[in-house]
Amino acid sequence: MSFKRLKMQLVKLRLLLIPLFVVGGLLVHHWVPAQAQADDTLRLLYWQAPTLLNPHLSTGTKDFEASRLVYEPLASFDARGEMVPFLAAEIPSIENGGVAEDLSSVTWKLKSGVTWADGEPFTADDVVFTYEYISNPEVGAITSEYYTDIASVEALDPTTVKITFKEPTVAWFVPFVGTNGMIIPKHIFETYNGPNSREAPANLAPIGTGPYITEDVKPGDVIVYVANENFREEGKPFFKRVELKGGGDATSAARAVLQTGDADYAWNTQVEAAVLTQLEATGIGRIVPKPGPNMERIVINFSDPNVERDGQRSHKDVPHPFLTDLNVRKALSLAMDRQTIADQLYGVAGTPTNDYVLSPENLRANAPWEFNLEEAAKLLDEAGWVDSNNNGIRDKDGVEMRMVFQTSVNPVRQKTQEIIKQDLGKIGIDLELKSIDASIFFDSEPNNPDNLGHFYADLQMYTTGNDNPDPTGYMRRYICEEIAQKENNWSSANDSRYCNPAYDAMYAELVAMTDPDARDEQVKKMNNFLTVEDVAVIPLIDRASPAAAANSIEGIDLTPWDLEPWNIKDWTRKS
Amino acid sequence: MTRYLINRLFISIPTLLAISIVVFAILALAPGDPMAEFATNPAITAEVRENIRRSLGLDQPIYIRYVKWLWAFLRGDMGFSFNSRSPVVNLILQRLPTTLWVVGTAYLLAALLAVPLGVISALKRYTFFDQVVTTLAFVGFSLPTFFTGILFIIIFSVQLRWFPFIYNSTLRVTDWASFVAQVRQSIMPVMVLVLFQAAVLMRFVRASMLEQMNRDYVRTARAKGLRNFVVVNRHILRNALIPVVTLVALDIPTVFTGALVTEQIFRVPGIGALLVDSIFRGDTPVVMAITFIYAILIVIFNLVADILYGILDPRVQYTH
């Protein structure tokens with residue numbers, strides 16, 4: 001092609017491009033920035049899209065979150081662990097006669113004059129109905145476990161509810177409080193209290209007592225809320241309209257708030273620390289860490305994943321060749337570089353910890369930990385694990401110290417795995433890393449050998465924690481009776497197959513205790529037993545779940561015991 | 001012809017049944033569970049789980065669930081979504097307009113761009129124009145949509161701030177401003193799809209044109225002294241576009257089922273995004289409904305393509 005011709009072609013090409021730029025320019029010119037036209041609209045971004053607005057039938061935290069703008073519990077706990085009344089007129093206590101002396105019942109006084117968004121009065125009957133609905137096995141309520149200790153719930157008068165427990169219980173504050181305690185209206189759900197629960201239109205068109213009502217619900221996409229005109233507090237909420245958009249991923253959700261301003265608030269922006277810091281540098285938004293009871297841990301398999309018995313591997317009666325050795329477990333805990341993992345990968349969203357129970361604050365044992373590879377190597381030497389065949393890996397009686405370490409697919413988790421593999425490699429332990437898609441790792445299908453309940457590996461890593469201020473249920477995870485096996489479809493909580501009569505005895509004591517201070521001490525004692533003395537589990541990171549918020553939004557107050565929009569009526573936009 | 005049609009329709013029924021059995025079995029056996037997120041929650045005990053399974057109807061054997069599903073589907077009931085507990089058909093209808101708007105526009109634009117570009121670059125083979133277009137096409141179908149999607153977001157949303165990268169499905173087009181907003185938010189997802197679709201189609205058109213250009217009938221036409229325009233338009237193009245029409249017809253089902261990756265990236269609430277979400281959440285009734293509708297569309301459009309072929313090319317005989 002001659003030069004002249006090439007030049008002509010370029011001219012033609014340029015002529016072609018001009019109209020394109022003109023059209024593009026026109027479009028940009030006509031655009032009014034979204035912020036300018038919608039000051040009274042709050043734009044929330046949830047990278048997991050809510051699909052259902054009935055908190056008792058929910059299939060994920062996202063649904064609870066989206067329901068919380070509409071429904072309210074009787075009371076909730078704030079970040080300092082203090083109770084805040086919602087539908088209750090006052091917080092019951094032994095002093096004011098609300099809680100029975102022997103802890104066998106609790107009587108709640110309700111606010112009077114509260115109405116549902118459709119104008120119907122809210123009464124004690126609604127609370128009684130909520131209990132009947134949740135405890136009906138045919139409904140299949142996800143929250144039912146929180147209500148199993150209840151003997152009866154009665155309405156003494158329209159504004160008084162009495163809950164009687166089967167046995168005296170210190171955790172009288174669990175039912176109807178916080179995340180799992182949202183009250184639903186009797187007059188709407190009455191005819192759906194049975195196997196037809198899923199057909200209730202109100203599952204997607206909720207009527208609540210909260211600050212907002214839904215205007216438009218598109219499951220898996222967007223929910224538009226408008227202020228509830230019947231809300232009892234004058235002048236609240238401040239935002240007339242809330243749009244909750246769902247979908248996408250955590251990184252781009254953080255970007256939309258921190259970098260482009262496409263949204264005002266993004267939930268659970270669990271992204272690598274370095275990425276968040278970079279996005280935050282734009283200066284239009286901030287990271288709000290949500291404190292919580294969630295802890296990233298290494299779960300140890302006390303049974304042998306490589307031997308099959310009765311059609312299952314990791315059988316509780318086949319002990320692990322070396323993880324049952326306390327010195328080995330102590331060495332593993334010493335070899336975890338918690339500080340580096342926290343600094344490099346979690347940033348503001350995580351601090352190193354060796355505690356099993358993180359929250360409430362008064363239950364924290366502050367168990368000691370250190371990162372010391374030499375000490376770890378020494379412990380292994382003493383236990384007789386030495387590299388006798390010079391292949392770089394310790395062995396004993398012909399067993400090589402090789403392990404499979406599994407977790408879900410997630411960039412932060414894979415990097416944590418790498419750090420641990422390197423450190424363990426230095427002291428002669430060989431790790432094979434395995435990562436499993438989250439939807440497979442976290443499912444409970446009895447036929448799925450790759451989920452955490454089957455635990456067909458030596459170590460695995462995930463996050464959980466107690467979901468209310470009473471950690472009894474969470475302490476239960478390590479008793480012998482809870483061992484996950486084929487008989488119970490691997491659905492119980494003790495995936496470690498850990499069984500120690502000493503721990504079981506401590507748990508039995510805890511359950512029988514009624515004195516709050518003695519209980520606190522007992523929880524701490526059990527905590528230290530699990531993580532220091534017996535190393536049944538290796539805690540790594542105290543995980544806060546960071547949210548991203550525009551600098552213009554004020555009033556956000558996150559608590560570990562309730563959902564993020566729990567005080568949305570107080571959120572405002574600074575002008 | 002009629003007999004051929006009836007025959008084809010009868011063959012479709014066992015095909016679709018077989019597809020539905022295979023898909024249903026795979027979904028029933030695959031790991032994944034609607035309660036997955038609560039796996040580490042201490043409050044979700046085995047008993048609670050069992051109640052939930054029962055309330056979703058998962059306690060029955062697979063074959064009974066299949067027969068129930070089939071019977072309901074034949075009556076137009078696609079079941080309830082595990083996740084939103086609303087009828088699957090509502091979820092699909094809610095998202096169909098968005099999918100048709102974004103994917104349909106992209107498809108239309110791609111076809112409008114690809115056919116003339118393909119024709120011109122075939123006619124002007126090895127010229128500068130041809131080289132530019134074929135290079136672009138090569139780039140277009142080599143780059144996966146998730147890559148171009150993120151590239152577009154970084155360039156046009158983050159750097160230039162031209163377009164929003166979150167698709168707002170509550171936007172209603174009522175006036176000029178809202179129309180502009182609608183166009184603005186659609187540009188990036190549409191362009192990502194156009195780039196890919198047009199590239200594939202353009203290469204096909206070009207190849208098909210080149211194949212016809214040296215045929216004897218073209219030479220005859222030229223020898224008769226016909227003008228170049230007439231030769232191209234009446235002779236080459238007509239024949240070259242026959243396979244293109246088939247390709248387009250077979251691709252139309254994808255317009256209805258959305259663009260999985262692109263919708264996910266731009267948060268476009270289309271059917272593709274619904275399918276991806278439902279797979280992740282183990283929401284089998286939704287996955288089943290969408291895949292099966294897709295299967296039905298493919299069977300139908302296969303038939304349409306065959307019939308179109310006969311209309312465009314009279315040499316095709318319908319026998320069986």
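Cβ atoms here come from the backbone N, Cα and C positions, even for glycine.
Among the features that TrEMBL reports, transmembrane segment is placed at B:9-30 (among others).
Feature annotation from TrEMBL assigns domain 'ABC transmembrane type-1' to B:96-305.
The annotation transmembrane segment is assigned in TrEMBL to B:100-123 (among others).
Marked as transmembrane segment by TrEMBL: B:135-158 (among others). Same-chain residues lying 6 or more positions outside the transmembrane segment (B:135-158) and placing a CB less than 8 Å from one of its CB atoms are 164-165, 188-189, 191-193, 195-196, 198-200, 202-203, 259, 261-262, 265-266.
Among the features that TrEMBL reports, transmembrane segment is placed at B:186-205 (among others).
Here TrEMBL flags B:240-266 (among others) as transmembrane segment. Proximity of distant same-chain residues to the transmembrane segment (B:240-266), defined by a Cβ-Cβ separation under 8 Å and at least 6 residues beyond the stretch ends, is recorded for 95-96, 99-100, 102-104, 106-107, 111, 115, 119, 144-146, 149-150, 153, 165-167, 188-189, 192-193, 201, 204-205, 208-209, 211-212, 272-276, 290, 293-294, 297-298, 301-302, 304-305, 308-309, 312-313.
Outside the transmembrane segment (B:286-312), and at least 6 residues removed from its termini, the chain residues within Cβ reach (under 8 Å) are 1, 5, 8-9, 12, 15-16, 19-20, 23-24, 27, 69, 73, 78-79, 81-83, 88-89, 91-92, 241-242, 245-246, 249-250, 252-253, 256-257, 271, 274-275, 278-279, 318. What TrEMBL records for B:286-312 (among others) is transmembrane segment.
Counting residues 6+ beyond its ends, the transmembrane segment (B:9-30) has Cβ neighbours under 8 Å at 62, 65-66, 69-70, 73, 284, 287-288, 291-292, 295-296, 299, 303 in the same chain.
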